[in-house]
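Read the structure below first, then the notes.
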């Protein structure tokens, strides 16, 4: 079977020897017995017990592997405190064997980065192993529905994913320590390169934001691969030392901190609809607060905590203004009075004056506070929705040129429309919905045509990120919780597509996809498209993305093993003789550990081994080499009565989510003008041909045509005119087909060529041939007798 072959190709041999995988072959034998004896109730029990036992073994292995990776990352983080500015050759084994001792040695930044890459590589291999086990269990349960009479019934089958849940083993702490290591390495390299330290992280920046941002969905299986691409370049940005806090409290560490927002709208959801329509000046008003890190109660808010009053205004490009977000802070106890219009802003102004704020800043504050309050009262806005998530931000201090945020555990909660006479609902029984993916937002501050960093281009184009432009938590929450009501006239384009599988293992790399597939449907359209534009792959990868390579080294596994053995060696030495120096320790122990440290030859496996196996055996859920429809339309579901804004949604190559596109009218007008030019010339040729047929006279041919057959002498003008009409009709058909093919390509907005490859070439050669033949005929008539010496030439 394809999955069986793909599974054998996807496993890591070294992990398999350690018992890291569900044994699919043994489980498949049980499934075959179930298929042969379909009514035997004992077989599902046998399968369940077998899966549970194997999951227990895998969970134990995952637990030990996470501890090993944490030990490695912690040792590297301690060693990164002793980075040297000089790239002097160092024995890494000696450095890591002395970590934590008084004789710790300095580590060059390049070696620290190399070890961090090795740990990242092993961590991603662990994630791939875990994901393959999940895919295996899902495949087994799916086959049970085919072979068992009633399928996997009972609560135990529903909860099998919760038993020995290896996904619950957090790797956030490992990513945090690796982020710290990369940050130290980048700081040392920056000091050596520029002679000055970089901007410290965690510094509070401006409160006015003006960025271009792109949002992506990331499946939770693929999130570690995205984080691993970010931390070598951007450190985790936090306002508090959450890692130290988690150690003090004895609670698990998480990369993100809770963020909650309460959105305001009226009974008819006016702001929601204006936001979806992308009207110029569309406004969004919300109250946002930042929860305490590591606190399980995200709704907890004390009276002295700050709540930010925020307003977001959308502006179209033609208006000359940029969309912006502005905000100011109030204490929680003052929010209700502010919304009612009973709060005096004089104390806030006095506080600004005490901080030596300029008159312009004071005026901006008053203008913003008045604008938000005016809109709340003018549109009768009420609290309608609350969004909550864990946000991890990656940014280099005050440098906001690149900022990446990752929102996980996103949930949307219904508010009470102000019935409690409070700015937010404090009850615990509100309707709630969880968003299935992580939301990654890449925020850039750069000029329109400025080239961004290659690693950013590689990240934005990798298959782990599913681009969903203009994704809005507020729009998603309203459509999810209120989409069935008659007040919602339209829903966002992504709502009918939430069930699409966006896992990276089920789709090829963007730059490896043939962008011409799927544009045309039917044999005729495909044939004409390939005749006009060719069949070769287009350049779908940007120059910057092609320059960036993730984990380019080929010795990551060997480096990992060497450092791991050095750390174990140091731990053993410290446990045997903690008070002895390395020179005083027995030589027999040194020799024994040196022998244990000798490495066997290792193979560098790919971190995307599972994806390559799925690709080789065509385990994609969609047809990758056939033709899908160009447009997506909703055919059912609870949003069937609502309009999917806006209209038909074109299919973007290599991506699962189809995104509405905006088209520049000049693009389509240029294509039409191209067709009109060809049609104009074809019409002239056709009219001349018709005139030759109607008014031509073959009797007026030159005297040297007298010897021609009488039929051709009588009908030469008809033949000539007919040929001209046929040529004109062919040119008209060609112009129309080219126009339609180019329009489809413009509509699909793909990175492929729009130019006509064969038409101009053929036209050029035809004109050259006509000119050459004409010149040759005139030369032969005038100089032929002289050159040949014959009057009959």
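Even glycines carry a Cβ here, placed using N, Cα and C.
Annotation source Swiss-Prot lists ATP binding site at 215, 286, 288, 312, 325, 391, citing similarity to another entry. What Swiss-Prot lists as compositional bias 'Basic and acidic residues' is 586-595. Feature annotation from Swiss-Prot assigns region 'Disordered' to 575-595. Taken from Swiss-Prot, the feature topological domain 'Vacuolar' covers 706-717, 782-793, and the record attributes it to similarity to another entry.
Distribution of Swiss-Prot features across the structure.
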residue: 215; record: ATP binding site; contacts (Cβ under 8 Å, 6+ apart): 439, 440, 441, 442, 467, 468, 469, 470, 471
residue: 286; record: ATP binding site; contacts (Cβ under 8 Å, 6+ apart): 261, 262, 263, 264, 310, 312, 474
residue: 288; record: ATP binding site; contacts (Cβ under 8 Å, 6+ apart): 259, 260, 261, 262, 307, 308, 310, 327
residue: 391; record: ATP binding site; contacts (Cβ under 8 Å, 6+ apart): 256, 257, 258, 259, 405, 406, 407
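In this structure the residues listed as binding ATP are 215, 286, 288, 312, 325, 391; their two most distant Cα atoms lie 20 Å apart. The number of other CB atoms found within 10 A of the CB of residue 325 (ATP binding site), across every protein chain shown, is 15. A mean pLDDT of 68 is what the model gives for the topological domain 'Vacuolar' (706-717). In the three-state DSSP assignment, the secondary structure recorded for residue 312 (ATP binding site) is strand. Over all protein chains present, the Cβ of residue 312 (ATP binding site) has 18 other Cβ atoms lying within 10 Å.
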